[in-house]
Each structure stands twice: as structure tokens, then as C-alpha cells.
Amino acid sequence: MTALKPAAPKSTADAHRPNAHYVARGRLVAVVTHLCVITGVLLSIFPFYWLIVMSTSTTGEIFGYPPKLTVGSSFAENVRSVVSSVDLLQALVNTIIVSTASAALVMFFDSLAAFAFAKFDFPGKKPLFILLIATMLVPGSLSLVPSFILMSELGWVGTLQALIVPGAANAFGIFLLRQMAAGSIPDELVESARIDGAGFFTTYWRVGVPLLRGGLAFLGIFTFITAWNDYVWPLIVLVDPERQTLQTALQNLNSLYLTDYGMVMAGALISVVPLIGVFIIGSRHFIANIAAGAIKG
Amino acid sequence: MSTAIPTRPRDALTPADPTAKRKRKIREVLPLYLAISPFYLLFAVFGLFPILFSIVLSFMDWDGMGEMSFVGLAQYKFLLTDGRFWNSVGNTFIIWFLSTIPMLFFAMVIAFLLHQNIRFTKFYRVAFFLPNVTSMVAMAIVFGSVFSDTFGLVNSALTAVGLDAVPWLSSPWGIKITIAVMVIWRFTGYNAIIYLAGLQSISTDLYDAAKVDGANLSQVFFRVTVPMMRPIILFTVITSTIGGLSLFTEPQVLLGDSGGAGEAGMTIVLYQYNQAFTQFDFGYGSAIAWALFLIAAIFAIINWRLVSGRGDDTVRRAVRTKEARG
């Protein structure tokens, strides 16, 4: 409740009662606020710091008591053991392929459909859009078993397309981009493109894509991160130990070399660093859109 | 890419030429259907078909290799009496409860603090959001070592201040609390960012009006902030419920396919995975999936009731006021 204080404009409080007590109390509130926030940030960040500590320490140092709280010097050695134990480099390449292909396909197919839904009329548009929204309510875990059977019928078990193709167009992205296109693309632009003789695909490319850039950036980053972190489905469908993603390779490393903590942690660090980079670069688009989706939804 | 649409379609047409009109119409809408088709095709093949197939599977006994045999409702009958399944349901709900309440509470506190126009808000938002985008496999391994019974940081800290070490990863409650802590760590920042956006969307006029009416701070909080935030809180409760019911990665990486000692960390989805992909009991795995769907649907209905219940109140009040005014 105290958190609501700033809703009272400070300026009026100061104007009415410009005494030292009040100013001091305001300052105290600010200090306490910062202290609470910083504590929260430290709790948020600490596991990452601890990951760095462990991945740079020998297993002996990790098991030691009292625990060593500072960054060690065995990172290169740990990475060498990782590389000689599992093919993490291949897993990294596979993960980059899956994440990039998923993001690119989702951005393309979702924006095409969103543009058609937002700016054009065609018979059956409304029921088709309702159907699209309804599909979002179906939980993914419902179809793990039959999807696996389908993949084995298609001969896709153990392949990367089993991870890329099923999600190449998704209802969430189409819905999100449709909302954005409806609000941000003026009808006049679409109409004038049409008068100039441009067909749907030309209009999409010249008018739709440039005006949807922000939404596309968000959807691309979101899809990339989701695909990068996906775990259940790769765990089920990537049966070949030679062809894994980072997440499944890391879990293999974890279950096979449970006792070599330094090495497992180095693998874990390698698997999260590229993603954190992508997130920090795109964080502005990302955070604002996540929040906006919740408020409007 | 461009499809040939006449430059001035309306002038080019004579009203007495219905076939040309229909042809033009088809040429105009065909690219639109083409544009939306990838989603529907993919959904039909990789979404709808598996769901229908899983209904069939749940009435079968099949290990994925040999003959599929029809067993009627036997899988569902077994499910009703399967103690391991009900244990996983109980675990899922306990972990959901242990994680959701602290998570949403901390998220609200953080959102309030960040709403105070303090400095470095952008940095704080990124820092709080970071856990949410990080791979849970890597972080479950980190949490596994932090909560390790023997050398974990938490137990080292407890013994350092003279308390007893807690068997976090080998006792029923320790396991559930550790998993809940991971969920809290991962989703508090996400929910805080959403609450923050909600707080920022409340018009300051409302606060000013409350002030003018002489409302004190707690009245402002309970009469303005909470009602305005209600839909957003509901949104976070719904997403937390969906996430909580499908909890898998944390227990699987932390404890393995078995769900830990006494299956204390066995969640519903982990049990489904266990039955379908380690025991190769595809029929029973599908029956578990449908049981989970039923539980999720019941929750969806409860959530929906909560929302529409509010709606009824408003309508009733409006009617009442109208009647009172004659």
C-alpha cells in the first residue's frame, strides 16, 4: 500500500508542507524501494552468476566446503571435457538451424495470413478466424503420443524438420499480427496499391511488411527463443544421439556425467549465452509486446 | 508474384456478364485463401489429426510396434484406480499452489516498486525478465546443484548459521519446494512486467478523483487499483494455471523420468511421458493426456465463470438501478 504513495504528486505535498521531515521521509521511501528492487534483481541474476562460478571451477572446488563463491579458472578445461564427451558444437548448429528456420517461416506465413485477415474480405473469413482462435485453446501435450506416431509414419523421427515444419505457421502469431495490422496499416494505402494494379502478394510485400516491422521483429525473437528452449518435443522425437538440440544434448550430458559438475555447467553456460544475447539485443521490442499482449488480451 | 487484377475492375465489367464477374472474384480471393492456407493445412495434419488419433489410441492397447488391440474403456478404468496417476495429480496441484501464490504476490510487489518512477527501470525490467527466456534445462541443472542435499549452497548456508541441512532433493516436501522455487524464479519477473503495464494503463484521473473524494491510501488501493487490475490478475492466474498443469522440464531434468524419491516430483505430464515413452504404453499415455485435458477444461470453466460472474453482477445492478429509477 505504501507503494501507492507516488500517485500523490510530490510537488503538491511539498508545496503544502515544505518541511524537512516530509522530504526526509520521501528520501527514505526511495531508498527502501531501491533496496527491495535490487534484492529482487540479485535473486533473479544470482543463478546466472552461480552458473558462471561453477562452469569455471573444478568439480573438487564445487564439492568443497565452505563453497567457493568466486569465479574460478578452469573454464577452458571444462569446455574441453564437454566437447570430448558430447557433440555440443553439432547440437549448437542444429539448434541455430531449427530456431532460425522456425522464426523465418513463422514470420513469413503468419504475416501473410494476418495481412489477409486484417485488410481484405473473403467468403468465410469470420468462421475461419474463429477456428484459428479456437485452435489456441488446444493444449500441446494432448497430442505428444500421436504426433510421435505421425512422425514415424512420415519417416521424420530423428530429423530436424520434425521440429520445424509442424510449427511453421501458428495461430498466436497470426492473431497478434492481425491485431497490429488492423490498427497500424491505413486502408487508404491498401486501396491505393490496389488502384495501382498491385495484387495481394505485391501489396503484402510493399505495404504490409514495412508497416508490420515492429510486430515481425517481436514475433521473430519470440519464436526464436521458444524454439531454442523447446524441450519435450525434441526429447521425444530426436532419437538419434548424433542429432540433438542443445537442450537434449545438455540433458544427455547431465544424466551421463552427473558427477563431473564443472563440465556439465560449462555445457549449460554454452547453451544459454547465445540466447541471452538475442534477448538483450531484442529486449525493447520483446518486453513491451509481451506486456501489451496481456493487457489487450 | 502479383496477380493480374484489372486496374479499374468496376469499369471493366459490364453488369450483364456474370461469368466474368465470378471469374474476377475468384481471381481476387484466391491469393487470400493461398495466404491463409499454410496455417490450416499444418493444423489439419499436425494438430487436428493427432488429436483425433489420440482419442482412438486411448481405447487401444499398443506398444508402438506390435498389433494394436481394442480394449474399450479399460485404460480409463485403470486410470481411475491408478495410485501413481492420482499421486501425479496431487503433486501437480501442490506445486502449482506452492508456486503461484508467492509468485503473483512478489510480482505485484515488484510491479508496484517499479511503478514509482525510480531510475534504471529499463535495466531492472531486463534483469527481471531474463529468467523467463532462459532455457529451463540449463537452469534446472543449476538449481539441482544449489539445492543439492550434500554440497548445495542452500544447505551450506543453513549449516553455516547453525541450522540443520534439509534433504531438498530426497524428501517429498523438499522436492516440491525446490520445483516451486524454480517456477517462482522463472515467472515472477514475467508476471511483474505484465502487472507493471497494467498499473501504467490505469488513468491518473481515477486516482485524482479518489483523492478529491477524500479517499485514503488503502481505499485507493482496494477501490481503484485492485478493481482496475482485476482482468490482468485473472490473465496471470489463467496463464499460471495452464503453465502449472503442463509442468514437465523442471522435474524431469531435476529428478529424471521417475519423478524422484517416492515419485514426489512426478507431475501429470511427466507421468504421461513416462508411460508413453519409457514404458511404450501409447494407449495409457493417450488416456492420461485426455484426463489432463479434462482437468484443464474444468479449470477453464471455473475461470470463465469468474469472469462472466462479474458480468452478471454488472447487468443485475444496471437492471436494479433502472427499476429504482422507474
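The backbone N, Cα and C atoms fix where each Cβ goes, glycine too.
Residues annotated as transmembrane segment in TrEMBL: A:28-52, A:91-117, A:129-150, A:156-177, A:211-228, A:261-281. The domain 'ABC transmembrane type-1' annotation in TrEMBL covers A:92-282.
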- Message: Counting only residues 6 or more past its boundaries, what in the same chain has a CB within less than 8 Å of a CB in the transmembrane segment (A:91-117)?
- Response: 125, 129, 160, 163-164, 167-170, 173-178, 180-181, 185, 200, 203-204, 208-209, 212, 215-216, 219-221, 223-228, 243-250, 270-271, 274
- Message: If we skip the immediate neighbours and take only residues 6+ beyond the ends of the transmembrane segment (A:129-150), which ones have a Cβ under 8 Å from one of its Cβ atoms?
- Response: 117, 157, 166, 171-172, 174-175, 178, 232-233, 236-237
- Message: For the transmembrane segment (A:156-177), give me same-chain residues lying six or more residues beyond its boundaries with a C-beta closer than 8 angstroms to one of its C-beta atoms, as numbers and ranges.
- Response: 94, 97-98, 101-102, 105-107, 109-111, 113-115, 117-118, 132-133, 135-136, 147-148, 212, 215-216, 218-219, 223, 227, 230, 233-234, 237-240, 243, 245, 289, 293
